[in-house]
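A.B. asks: So TrEMBL has the following annotated:
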| type | residues | note |
| --- | --- | --- |
| SIGNAL | 1-20 | signal peptide |
| REGION | 81-102 | region 'Disordered' |
| DOMAIN | 129-159 | domain 'LRRNT' |
Amino acid sequence: RMRTLAWLGITSLCLGAAWAVPAKEERRKAEKPKADLALYENLDLDNYDLTLDNYGEILDLSNYEELYDYGDLGPKIEVGTLAPRPKDPATLPNLGATADTPKLPPPTITGPVHLAPPWAASAPPALPSCRLCLCIGTSVYCDDANLEHIPPLPPETTYLYARFNRIGTIRASDFTGLEKLKRIDLTSNFISWADVDAFRLLPSLQELILPENRLTALPELPRSIVRLDARLNRIPSTGLQPEAFRELKQLQFLHLSDNQLDYIPVPLPESLRSLHLQNNNIQTIHEDTFCDSQDHSQIRRALEDIRLDGNPINLSLFPNAYFCLPRLPTGRFF
């Protein structure tokens, strides 16, 4: 009987354990959704509206690179594992044996191709000005190029800028054939001499800019000149041609300040608008310097900018010299 009771006890324990396991599993399944829902009870999802304005506030990516390092995931490439290309063409594989490649005819040009400016065909192939300088269209820029003379220029050159160089002389051959040249700017060079015909044969020249040089004489000018700027040189009155400006009917701006002139270069053309002669050695003015002393009805409206300041002259001593001018010259009147 004791043995029978023992077996009954063991059997009851096994059945109790078998029923207990499903009960626990059922309780876990019932409690798990409650626990998962409890994790989201404290989340505020009302303001979770992702826009461009609050993107940085909702998603903090400041430490993104620190948290995720993908450097080790990239494929590793060994340098030097590829076979070198064979130098002998005979050792290369014959690709033509595997497929027949049709031969294409050579390309044909249906029209002219302009790879250079129009003057390039007649210009020397190694034009020094376009090696040392910058050629853009018909303008040549040679500023601060350490030049000692004017380089050969393209025949179509219209504007030349060769400032801040070491050019010492201007030869008559420097501008030969440049019939379209309108402006020459040689500011701040070492020019001490220019041939008398260096500029006279240029039919289109309008602006000649020569300040900050060492000129002691001014060459002849073409009749097309509109602006002459030779400030800060060493030109005395004897360095000007007699009546140098009489025939320049288009001259409007004549700037010869900071030179060594003893008198105003007369006669001045009627076209002149601006005359700058300050800081010279001018001591006197003739009655006919600006006006015709015989025609008191004359009015010279164009010439309204005359600067004589910095000269040893008292302008108040020559009142009859200004009656035709719209404005008095700038200078000392006492």
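Positions of Cβ are set from backbone N, Cα and C atoms, glycine also.
Because the structure is a prediction, the values reported are computed rather than measured.
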A.B. asks: Can you check how the pLDDT averages out over the domain 'LRRNT' (129-159)?
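C.D. replies: Averaging the confidence scores along the domain 'LRRNT' (129-159) gives 93.
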A.B. asks: Summarise the domain 'LRRNT' (129-159) by DSSP state, stating how many residues are helix, strand and coil.
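C.D. replies: Going through the domain 'LRRNT' (129-159) residue by residue, I get 4 helix, 7 strand, 20 coil.
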